[in-house]
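Undergrad: To start, I am sharing the structure in question, which I have written as structure tokens.
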């Protein structure tokens, strides 16, 4: 499966869209907002460019990316005022895979510009926003054109499903699982780690050419607390997806062979792995590396399991539909998913 041609968050603004089911991602970015804004302030103090180049890598199609830009503009406005500098122009590049619903982002731009002009006597800052489709696992931008790179909830997605998961006959060595689980052989976690190393190293190398000397990056991604790949965090939610798909197999909606060959292109690194890989690649230095845990929450009248199921559906629907075809009932699949999450949570209470 060609991830770059298939993978995308569910577009539009419907009930199952990413725009309606990305509150978890918004909460994560809000939790580290102070770090992002401090980084922007430090950057402007040290460089104070007349034209500030900003890239949001993995912007997706929800409202989160434009809210980030608004926050950045406000911090730069305040900082430039303190320094008695004229406000720079802002060059904003919104990047995601070509399959992303960029139109939803573009349709929200008039409201974004209108909000920025409110309470500003001079009509607002000069902001030039462009969509930049393509994989960030490789070069995207000209040399030395960016000052700040931001990526939230994207770098845990690999460029592809690790090829080493399959034997010489093309059969998965991780049958019945969509990710690393307790029943996975050691070669599975090694395959995922090797793919993450390859991808993350290429990401860092590519960005090092595109960002100016003294530029900054803030990267937010899912990770794991310890060295064990199987925990009650990310691997747990993929385990629930494996079990939900197994129910679809038992109901005759999909073939067992299809389930056995489905693997997610995902990896949750530990902080040690990130730090080691940044040091090994050598282009950047880690200034700050922290782990945050997000509290469970759900919308009013909705169970936690349902909230998680809707989030997973919004990020996995494109891949599931492409792999399993039209025969799979997504509503039933994710209803089962939500129920199982609630059952597991009840056992912990």
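Any Cβ shown, glycine's included, is placed from N, Cα and C.
Quick caveat, the model's predicted, so the values are computed rather than measured.
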Undergrad: If I go by Swiss-Prot, which of 18, 179, 192 binds S-adenosyl-L-homocysteine at the same site as 59, 64, 96, 97, 135, 136?
TA: 18
Undergrad: According to Swiss-Prot, 260, 262 bind Mg(2+); which one of 144, 174, 335, 336 is listed for that same site?
TA: 174
Undergrad: Just how many other Cβ atoms lie inside 10 Å of the Cβ on residue 96 (S-adenosyl-L-homocysteine binding site)?
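TA: Residue 96 (S-adenosyl-L-homocysteine binding site): 26 neighbouring Cβ atoms within 10 Å.
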Undergrad: In whole Å, how far is residue 222 (site 'Involved in substrate discrimination') from residue 59 (S-adenosyl-L-homocysteine binding site) when you measure between their Cα atoms?
TA: 16
Undergrad: Compared by Cα position, which of the recorded positions 174, 222, 260 is the closest one to residue 64 (S-adenosyl-L-homocysteine binding site)?
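TA: Nearest by Cα distance to residue 64 (S-adenosyl-L-homocysteine binding site): 222.
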Undergrad: Consider the binding-site residues 174, 260, 262 and say which one has the Cα lying nearest the Cα of residue 96 (S-adenosyl-L-homocysteine binding site).
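TA: Checked the binding-site residues 174, 260, 262; minimum Cα distance to residue 96 (S-adenosyl-L-homocysteine binding site) goes to 262.
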Undergrad: Long-range neighbours only, meaning 6 or more apart in sequence with Cβ under 8 Å: which ones does residue 174 (Mg(2+) binding site) have?
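TA: Counting only residues 6 or more apart in sequence, the Cβ neighbours of residue 174 (Mg(2+) binding site) under 8 Å are 165, 180, 181, 184, 185, 188, 263.
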